[in-house]
Amino acid sequence: MTSVTRAVFGELPSGAGTVEKFRLQSDLLRVDIISWGCTITALEVKDRQGRASDVVLGFAELEGYLQKQPYFGAVIGRVANRIATGTFTLDGKEYKLAINKEPNSLHGGIRGFDKVLWTPRVLSNGVEFSRVSPDGEEGYPGELKVWVTYTLDGGELVVNYRAQASQTTPVNLTNHSYFNLAGQGSPNIYDHEVTIEADAFLPVDETLIPTGEIAPVQGTAFDLRKPVELGKHLQESHINGFDHNFCLKRTKEKQFCARVRHAGSGRVLEVYTTQPGVQFYTGNFLDGTIKGKSGAVYPKHSGLCLETQNWPNAVNQPNFPPVLLRPGEEYDHTTWFKFSVA
């Protein structure tokens, strides 16, 4: 059984609206999601002793989410990840987006889907958020109707994304939760064991835009098909961290994507998705300046993201999976976060 309760989380400045919090609770998980950016603000999971800890980075108050912060727990759109130089061409017309992460456009622009108030609707086992992204919002063509639904079933949090466009537009939606299975506020993720079911990854240039090459992981630091302990793996392969798209099978079916295991607590997270890729990000840009829940600070590598998505800059790469949504079609993707104890 899942219970759903709603409460006020905070008021937006200048009377811009009330942000609500929805608590989804099962016997195994408790998840808090707010209507600002469809953001997961807390996710409590029991360890092997039966002790619950909050395993996502974030803030206890709305003010935290309104400051400049790295997309903690939020839904990202209209297009997640980077678009090279913030430009793309559709049907012969060039579109220019805001450059909010020099020299590219990142995560939907200056005011992406993470920085807007969504309309909630309570379901028996979760909550559906919807909004209409107006034509021209952040430079994107056409009006886009969007629905993001979170449902809880035992130890599984299911996130479904749907969208319909009035004009052809790129669409790529994801959730940007940062996980630390030892409990948020733990200093790093080095003791996390990670597996990613990908035979290929996308090498990137110095601005983190894919070069266009689809590179086999075999014989590289990106071969995570067998479990690696993160700290040791980063040290041995002399890399600063991951911020790369891993290429999954190009199928619309549910497929296994990744597993994260924390030996100390016994907590395990498995991710399944219908998406063709996952951005594995190890919190390389976190720097300890942000104060989070319970006075926690979030230094570099204190959380990891598994952002299921289409491949970055796909709108400018014809050999990447198609990212355009046309009128009359429906964008429909689902990601499953399954928590257990081993």
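Glycine too: its Cβ is placed from the backbone N, Cα and C atoms.
The following features are taken from TrEMBL:
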- Asn81, Arg82, His176, Ser177, Tyr178, Asp243: beta-D-galactose binding site (BINDING)
- His176: active site, proton donor (ACT_SITE)
- Glu307: active site, proton acceptor (ACT_SITE)
Span of the beta-D-galactose site, taken as the largest CA to CA distance across Asn81, Arg82, His176, Ser177, Tyr178, Asp243 (Å, rounded to a whole number): 18
Neighbourhood of Ser177 (beta-D-galactose binding site), C-beta criterion under 8 angstroms, separation at least six: Ile40, Leu43, Val56, Leu57, Phe72, Gly73, Cys305
Tyr178 (beta-D-galactose binding site), number of other Cβ atoms within 10 Å: 26
Asn81, Asp243, Glu307 as recorded positions, winner by CB count within 10 A: Asn81
Asp243 (beta-D-galactose binding site) to the residue listed as 'active site, proton acceptor' - Cα separation in whole Å: 10
Arg82 (beta-D-galactose binding site) and the residue listed as 'active site, proton acceptor', distance between Cα atoms, whole Å: 13
Neighbouring C-beta atoms (10 Å sphere around the C-beta of His176 (beta-D-galactose binding site)): 22
Around the Cβ of Arg82 (beta-D-galactose binding site), the count of other Cβ atoms that are within 10 Å: 21
